[in-house]
Amino acid sequence: MWFAITFYTYLETRSVFATGVVGGIFLVFTALTGIWFGSLVDHHGKKTMMQVSTVTSLVFYAVALVVYQLAPEGAFKDPASGWLWSMIMLLMVGVIAGNIRGIALPTLVTVLIDEAGRDKANGLVGTTSGVTFLVTSAISGILVGFGGMLWVLAPALVVLAGAIVHLAVVPVRETAAAAAPAPELEIQPTREPTTEPAKRRVDLRGTMRVVSGVPGLTALIVFSAFNNLLGGVFMALMDAYGLSLVSVQTWGLLWAAISTAFIIGGLLIARTGLGRNPVGLLLAINLVLWTVTLLFPLRSSIALLTVGMFVYMILVPYAEASEQTILQKVVPYERQGRVFGFAQSVEQSASPLTAFLISPVAQYVFIPFMTDGFGARTIGGWFGTGADRGLALVFVLTGIIGIIATALALRSGPYRRLRHRYAGE
């Protein structure tokens, strides 16, 4: 739905600012609601919260469809239209409500899957996400192009109704020995209110105590947030860089093909697992990812970009599955929703910050620098000149910073402590 409303907003208004605001709403709301959603997942049945999430999305999408149908002709072409932003906000609430499912799912992996098989299960979760991303990104554009939001919302309501029925008949075991807090955890007991109203609050302080009580876990979340901070460069500049090399039609088809690598990565994890040291694997994968980021922009080549992004996308599921597997083992089950939500809030808040900051920096600093500035005169002979090489230089510098940060993390005390805690040493 997020893809669809973004496409529709731009096609109707032709306003880059409006589409940017839509993306900003999504990312900011995701960051703000993560901890609250995690508390809801911990304090209620996981299946129940997934059902509530689905019903909430269904209701808001239905109301958005009513607004869409009642709006006067031409109402959505004005970027300042109240009809447009009413529909956008209704759809965004429905989309954000779906994040509850994303938080509940890894906690269900903890309780439903034995520890030895969780890494492979997380790989399958990644595969599902990849398929969803590929299908929705492709179909959304087609449906919006042919029938506007009506063709998007009507199938969405049918799918959500089917999901509600499916969840109702699927039995979910939410208590098991495998879900008990790991015995090696030594988190200090805390005084927590036991009244029902207190239990249902967000409890940020208690979540922070759990995170800080696991050696190295805070550093892991900060490291992931830092990676997302650098990843904001991709969010802001990748489309512009790709479109400087090929046509928009070619870029769209190429990106859809590259996205299949995400599915392949998830399937490989499901088959082989993550090994005995997912903490070390997480950092090793990041080292490769930032090396790829450094190498693919060195030449203005769509082939080099395609190979680099394919490798990048095939490895991203390994990083995500590694982090989930680590949290599932070192965090007590009854706190996992809040910790996953906290991690989501911290990590998701980083990318939009960089995306908002790097765009004007690239436009007014790096592009002139590599077009007719000092960079073009000094390194332009071998690196190339022009707007695309200015964007490429941003990617190269991002890769260098990422490699340095990952190398420092591999040598850090928090990394060693988290590795030992995961291994039960």
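Glycine residues also receive a Cβ, built from the backbone N, Cα and C atoms like all the rest.
Where the annotation comes from TrEMBL, it is an automatic prediction and has not been curated.
What TrEMBL says about this protein:
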DOMAIN    1-417  domain 'Major facilitator superfamily (MFS) profile'
TRANSMEM  16-37  transmembrane segment
TRANSMEM  49-71  transmembrane segment
TRANSMEM  83-112  transmembrane segment
TRANSMEM  124-144  transmembrane segment
TRANSMEM  150-170  transmembrane segment
TRANSMEM  210-238  transmembrane segment
TRANSMEM  250-270  transmembrane segment
TRANSMEM  279-296  transmembrane segment
TRANSMEM  302-319  transmembrane segment
TRANSMEM  353-371  transmembrane segment
TRANSMEM  391-410  transmembrane segment
>> Using a cut-off of under 8 Å between C-beta atoms, tell me which stretch among 83-112, 150-170, 250-270, 302-319, 353-371 contacts the transmembrane segment (210-238) the most.
In response: 353-371
> Most CB pairs under 8 Å with the transmembrane segment (302-319): which of 49-71, 150-170, 250-270, 279-296, 391-410?
Replying inline: 250-270
> By a Cβ-Cβ criterion of under 8 Å, what residues six or more beyond either terminus of the transmembrane segment (279-296) are in contact with it?
Replying inline: 216, 220, 223, 227, 230, 304-305, 307-309, 311-312, 315-316, 318-319, 322-323, 326, 395-396, 398-403, 406-407, 409-410, 415, 418-419, 422
>> Using Cβ atoms and a strict cutoff of less than 8 Å, what residues sit near the transmembrane segment (83-112) while being 6 or more residues removed from its termini?
In response: 1-2, 5, 9, 12-13, 18, 22, 25-26, 29-30, 33-34, 37-38, 40-41, 46, 49-50, 52-54, 56-61, 63-64, 67-68, 71-72, 75-76, 118, 121-122, 125, 149, 172-176, 178-179, 324, 327-328, 333, 336-337, 340-341, 344
> List, by number or range, the same-chain residues at least 6 past the transmembrane segment (250-270) whose CB is under 8 A from its CB atoms?
Replying inline: 119-131, 133-134, 137-138, 141, 239, 242-243, 302, 306, 309-318, 321
> Does the transmembrane segment (353-371) reach the transmembrane segment (391-410), going by 3 or more CB pairs under 8 Å (6 or more apart in sequence)?
Replying inline: yes
> To what whole number does the mean pLDDT across the domain 'Major facilitator superfamily (MFS) profile' (1-417) round?
Replying inline: 81
